[in-house]
Amino acid sequence: MTDASKYQKLTPIDHVLLRPEMYVGSIETQSIPMFVFDPAKGKMVWESMQVNQGLLKIVDEILLNAADNINNSVRGARMTYISIKISDSGEIMVENDGAGLPIVKSKEHKMYIPEMVFGHLLTSSNYNNDASSTTAGRHGYGAKLTNILSTKFSVVCRTAGREFHMSWTDHMRMATTPRVSNVDPKEKNVTRVTFMPDYAHFGFPTAAISLDMKRVLHKRIMDLAAMFSKIEVRLNNVPFGFQTFNDYARLYSLPGADGAMPPEPFVHTGPNGSIAFVPQLTQSPKRIVGVVNGVVTYNGGTHCTSAMEILETGLDSLSRSLKKDGKVIDTNRVARHFTVLVFLIQSQPKFDSQSKARLVSTVTMPRVPRTALDQYLAAMPFLEAHMNSMDDQLAAELNKEIGTGKRLSSRSLISSITKLVDATSSRSDGKNIRTLIVTEGDSAKALALNSLSSEQKKFCGVFPLRGKLLNVRNKNLKRLKTCKELQDLFLALGLELGKTYKSPAELRYQRLLVMTDQDADGSHIKGLVINAFESLWPSLLQHNPGYISLFSTPIVKIKVNGKAKEVVAFHSFRDFHRWQRANPNARYSAKYYKGLGTSTTAEGKEYFADMERNVMRLVVEPKDHRLLDSVFDSAEVEWRKEWMSKANAFQGEVDIDRSKKLLTIGDFVHKEMVHFALVGNARAIPHCVDGLKPSQRKILWAMLKRHSSEAAKVAQLSGYISEVSSFHHGEASLQETIVKMAQNFTGGNNINLLVPEGQFGSRQQLGNDHAAPRYIFTKLSRFARLLFPEDDDPLLDYIDEEGTMVEPNHYVPILPLLLCNGAVGIGFGFATNIPSFHPLDVSAAVRAMINGESAKQVVRNLVPWAVGFQGTVRRGPEKEYIAVGKYTAHRNGRLHVSELPWMTSIEAFRSHISSLASSDVVQRIADYSGANHIDIDLIVREGSMTTWAECETDLALSQRIYINGTVFSPDGTLSPIDADLSPVLQWHYDRRLDLYKRRRTRQIGLLEMDLARLQSTRKFVEHFRQGHIDFLAATDDTLTKTCVKLGLVRVDDGYDYILKKPITFYTKTSTEKLQADIKKTQDSIAVLKQTTPVKMWLTDLDKFDKTFQEYERVLIHSIQKEQRPASITGGEEVPALRQPPLMLEAPAKGAASSSYRVHICRYEEPPASKRKPEDTYGGALSSGGSTRNVGKRLTGARGAKKKKVVRRTRTKMSLGTRVAEFAGAQLGRLLPQLPRLLF
């Protein structure tokens, strides 16, 4: 039979005494590392303390009662102090003023309120679930637990002229009769609790408080003083005196071993609390002190997790910034240099149990300014040492991973580096040194292998570099770890990272011979190889001139006519041009060798037959380190800009004297490396006059040269253009450029120079959705010759490419095409981003300059625009331009979008809307858009957007337009113009007007020459018709003498233009036609002489304007035709969401604004928004799980506004918390059932 006697029913007090860990935590004393105050040092120190969590908690409950009274006193008597006394015997007293407890009897329970609060379980004033409450108490246990676990407990309350006294003993079982008396109403309200914890129950052998617990309580009271710095908190009559949270945070700043002090803590205080990051000079385990509403959460919680994530997010930002400079940090290790303090005031905080050791509810963090924290973290003094240790660690990992420093055998290298062809001999002899020839690609490797003799292969290995090498300046080992080419090269040489070499004797090869193409890309590869070795092993290069050597091959070979088999080789264009100037009448044929693949094997054998004759030895000195830093260090942007701005990209050539056997770093940088940089910029940055890049200019020139109105496949045209224009960079890139030049959707080209026949792309993906080049056709558009008149062609300066005249250095269109179509490009140290403007406005601007306005005046009237755009351009708060789409908001959350900023694709917009759908902002999207029109219906959650500014921002319907111009000036130098586009207008105006002057002079001269020929012809014909010439008896000599005698004009040193005419030329009909031609030519000369260059320009502009106006009319009509009618898309609008009316800015002073098509709308101040600023770390964060990735910005379109998304997750509460919450709601009804529910 089961023994029934083991089943017990305990009273609530007995349950607390028997199972205190459920209510106050463990009552066993344990060794716990924690912060305590060291009076000798005046600092917080991390020590292991003997802590009794139960004892700490019952003291804490009384302290929190006092702290809660701060909140209660806001509406009553102001609270000014909390006084705590701890006697040597262990008796504890907590006293505070403020609002106090009402000394009245409860009508329901017939007892005084203080008696209920301090002597009856589940009594509380915090059951109303006030959402704004910031008290710590929630469950109605609090001070009663302290009473139960004390041998004696007394309370004195003085409130509003009445004073209450009551005491309890025997663990709250025995109580005195409440004593209430009247006192002077002027006396301050006071609440005083005095108790003697049952130290024996807590396991203290001497029945008194220990020294460690005194220190723990001292620290706990300091936390309370820091939390409520406006209240005077005293311990044993000594105030702590924290004026601000900074005073408290400084206590955690500890000096280093050498006495050096760390920087001041980073402290930010907001309405809902304070957060501090206290730096330490040495690493330690992550240490976080968290306090919520005065509760010290010894086990952390959501607020501690969120505070650490703010720090880690700032460190992530720092890591990304440093990564650009090749520097690496371990954010986890750097975070260990900080002690984090987070003291919050929160409404209705929830904890995992009655002990309140861990916060589990959602928190609202102080919004830490991003810029301030980023700058603070970047200035930490320990970062440099940390980065050095990371470099050492990474070097060790790389040495281990890639096997550097090991003298691997050829057999081992066969499997390690498959592309390496190792020298057959393992050592040098007195005559030959082991040389590793590094080639640019496999074709150059083949040339070297096929050209080296068997004897040379004993001492020469060959290794091809494929792909692009990486810049490892500043010992960027993280980048090196991703560059397999350099790793294999170092392994082949036997180099070890971090080791200092003074001699190459211990390496596998004693020389590195770089063999690249003789073009700009070859120069770049040489520079990257030199940079890598000088950065990682500078001593190797400085002590061994020629360790890196450069192999020089001819760039031009000529065969001189008339001299049998005489071939002259030139290793530089400078030498070749010098020879041309010395032999102006020489007849020769030239072959150009810009790529090593052009050389035959026979020629390669010639190069290597006397190999040393073609080798230049590189000399490196210590001072060269700074120069290479300037070229390759990402921080030296301004130096590189100045360096390149002084050079001419279109006239410069590599100017190294190849006849010399030594090459200094200075000569290499300033004479060869700069050539690569300039060529790279020339490919990416447009010319100010024609707005074209070299590839675009080649395409235009070849298409004009083609003289065909028939369209051709893009794939076929690319081959033709490559051939006639000497294009050397692959037809794929050329095809892509052809496609882009033909795109004419809104946001593509305002003026398309080529006609798109087929799928050339659309607004769906901003042109990236075009068909393959083999399927689409193109030809010149009607705008090409309107902008680039044929009469201009003979007056342009053409480029000599390998002996053939190809495209002009730059065209001079009738309008600055750069402003019509805009330009985007990223070069070497320079970038450009110029928006497009309406071509008719650009034409109006040119006309205004012709009429005398300055470029500075005119440019103020130009507003960025895309032809066909149906939205508006509005002035921004910082005077910038903002392209704004168009929408209408209707009832029931329906929103119709009829235009997007032209730089936003439809696909990017849909992607952005999808991300909003995931956060339930958008509930449905219906897209009716086409190739060049926007027509999208949305259903948005009602109330999610309250103003038009929120609609534009959240839906990415506004886009800032940046102007940051860099162009090539007319003389070919790089010219940063920033946001001022007036130089473009002025440069174009000067060049175009000069061209008209020269064109007029040339046309008059040509007409006068034609007139002279016609008049000479008429004179000869009249002489013949008068019978003075007998053709039957005449000889060639007599006819020539007759022409000389008549004073006729010579053409091409003869008179064939007259004497080779047919007999019908002398008829009456031909004579009359000749007379008419003379009259017509005379009239043309007269008209042209009366026509000024300006009038010629205006005539060309009139033709263009008329054609473009018709083109724009048809384009806009086609866009509007595709859109659904307003009867379908319309409806009752929501006034608060209606976009502001168009209010135009006043025109620039003195400008004829009416002559411009596009006008900017003035800045509209957004209505008051409830959105929180986004330039901070922190804010509302989730209560469960990691929040480090919460709030990632949504990117709907390039440069679109971004919005934070916060994921909220359900918090899993502990069983104790659930019981406490339920018990608090139901008061005492379930108290007898607690043991059954728990166990």
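Each residue, glycine too, has its Cβ placed from N, Cα and C.
Noted in Swiss-Prot for the protein shown:
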- Y775: active site, O-(5'-phospho-DNA)-tyrosine intermediate (ACT_SITE)
- N65, N96, 124-126, 137-144, 354-356: ATP binding site (BINDING)
- E440, D517: Mg(2+) 1 binding site (BINDING)
- 685-1101: domain 'Topo IIA-type catalytic' (DOMAIN)
- I826: site 'Important for DNA bending' (SITE)
Practice item. Specify the nearest of the recorded positions E440, D517, Y775, I826 to G142 (ATP binding site), where nearness means the distance between Cα atoms. Key: I826
Exercise for review: Sort the recorded positions D517, Y775, I826 by C-alpha distance from N65 (ATP binding site) and give me just the closest.
Suggested key: I826
Practice item. Averaged across the domain 'Topo IIA-type catalytic' (685-1101), what pLDDT does the model get? Just tell me the whole number, please. Key: 92
**Study point:** DSSP three-state assignment (helix, strand or coil) for K144 (ATP binding site)
**Key:** helix
Review point. Which one is it: of the recorded positions E440, D517, Y775, I826, whose Cα lies the shortest distance from the Cα of K144 (ATP binding site)?
Key: I826
Review point. Rounded to the nearest angstrom, how far is the Cα of I826 (site 'Important for DNA bending') from the Cα of S355 (ATP binding site)?
Key: 60
Practice item. Work through the binding-site residues one by one (N65, S124, S355) and point out the residue whose CB has the fewest other CB atoms within 10 angstroms. Key: S124
Exercise for review: Please name which of the recorded positions listed here, S124, Y775, I826, is nearest in space to E440 (Mg(2+) 1 binding site), Cα against Cα.
Suggested key: I826
Exercise for review: Looking only at C-alpha atoms, tell me how far I826 (site 'Important for DNA bending') is from Y775 (active site, O-(5'-phospho-DNA)-tyrosine intermediate), rounded to the nearest Å.
Suggested key: 30
Point to revise | G142 (ATP binding site), number of other Cβ atoms within 10 Å | key: 26
Exercise for review: Taking only the Cα atoms, work out how far D517 (Mg(2+) 1 binding site) lies from S124 (ATP binding site), in Å, as a whole number.
Suggested key: 86
Exercise for review: State the Cα to Cα distance, in Å, between Y775 (active site, O-(5'-phospho-DNA)-tyrosine intermediate) and S124 (ATP binding site), rounded to an integer.
Suggested key: 80
Revision key, fill the gap. Counting Cβ atoms within 10 Å of each Cβ, the densest environment among the recorded positions K144, E440, Y775, I826 belongs to K144
Review point. Quick one: what's DSSP say for Y775 (active site, O-(5'-phospho-DNA)-tyrosine intermediate), helix, strand or coil?
Key: coil
**Study point:** Three-state secondary structure, E440 (Mg(2+) 1 binding site) (per DSSP)
**Key:** strand
Check your understanding: When you measure from the Cβ of D517 (Mg(2+) 1 binding site), how many other Cβ atoms are you left with inside 10 Å?
Key -> 22
Point to revise | DSSP three-state assignment for S355 (ATP binding site) | key: coil
Point to revise | Three-state secondary structure, I826 (site 'Important for DNA bending') (per DSSP) | key: strand
Review point. Taking DSSP three-state, what's S124 (ATP binding site) in: helix, strand or coil?
Key: coil
Exercise for review: Please report the DSSP secondary structure of N65 (ATP binding site), reduced to three states.
Suggested key: helix
